[in-house]
Amino acid sequence: MQVNIFYIQKSDEFKTWSEKYSKLISKYGTLKEINVFNKKIALAQNLNAIEAKKSYEEAFMPYKKGYCIALDERGKDLTSIEFAKLIQDKNELSFFIGGAYGLREEFNQSLDFRLSLSKLTLAHQFVKTLLLEQIYRAFCINNNHPYHK
């Protein structure tokens with residue numbers, strides 16, 4: 001399975017944890033983590049939320065392939081087992097984590113699924129790490145590995 005995570009961030013304070021789960025995931029499939037942060041996004045974020053969200057969408061559009069999932073606090077809450085079922089038997093998964101202003105509603109609606117990891121607003125760096133852990137957990141569930149007890 002091909003797993004793609006597209007995100008927007010300047011730095012990664014959770015890099016050690018992200019690397020740990022990336023390595024574990026590689027036992028089950030191919031993982032690509034792509035940071036699309038660029039100068040246009042940096043400038044747009046200094047203007048306003050509307051321009052920032054537009055710049056995020058422009059950066060993400062070329063990567064919409066496979067089964068596409070937006071990470072969104074207004075998305076659907078799933079248990080780890082439900083998440084494992086959702087991603088099971090997919091050839092390619094693409095996850096989109098918005099920047100500081102989130103994602104435009106129109107972009108979210110254009111994807112296959114909207115996933116909420118929490119009703120709380122979370123730092124996007126933390127969301128990526130949490131998502132990696134849940135992807136690994138889902139692979140373990142789907143492969144009867146004892147990580148998920």
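Using the three backbone atoms N, Cα and C, a Cβ is placed for every residue, glycine included.
As given in Swiss-Prot:
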BINDING   Leu71, Gly98, Leu117, Ser118, Lys119, Leu120, Thr121, Leu122  S-adenosyl-L-methionine binding site
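Annotated features, which come from Swiss-Prot, shown on the structure.
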{"residue": "Leu71", "record": "S-adenosyl-L-methionine binding site", "DSSP (3 states)": "strand"}
{"residue": "Gly98", "record": "S-adenosyl-L-methionine binding site", "DSSP (3 states)": "coil"}
{"residue": "Leu117", "record": "S-adenosyl-L-methionine binding site", "DSSP (3 states)": "coil"}
{"residue": "Leu122", "record": "S-adenosyl-L-methionine binding site", "DSSP (3 states)": "coil"}
Cβ neighbours of Ser118 (S-adenosyl-L-methionine binding site) where a neighbour is any other Cβ within 10 Å: 11
For Lys119 (S-adenosyl-L-methionine binding site), the number of other Cβ atoms found within 10 Å of its own Cβ: 10
CB contacts for Leu120 (S-adenosyl-L-methionine binding site) [other CB atoms within 10 A, all chains]: 7
The one of Leu117, Leu122 whose CB sees the fewest other CB atoms within 10 Å, among these binding-site residues: Leu122
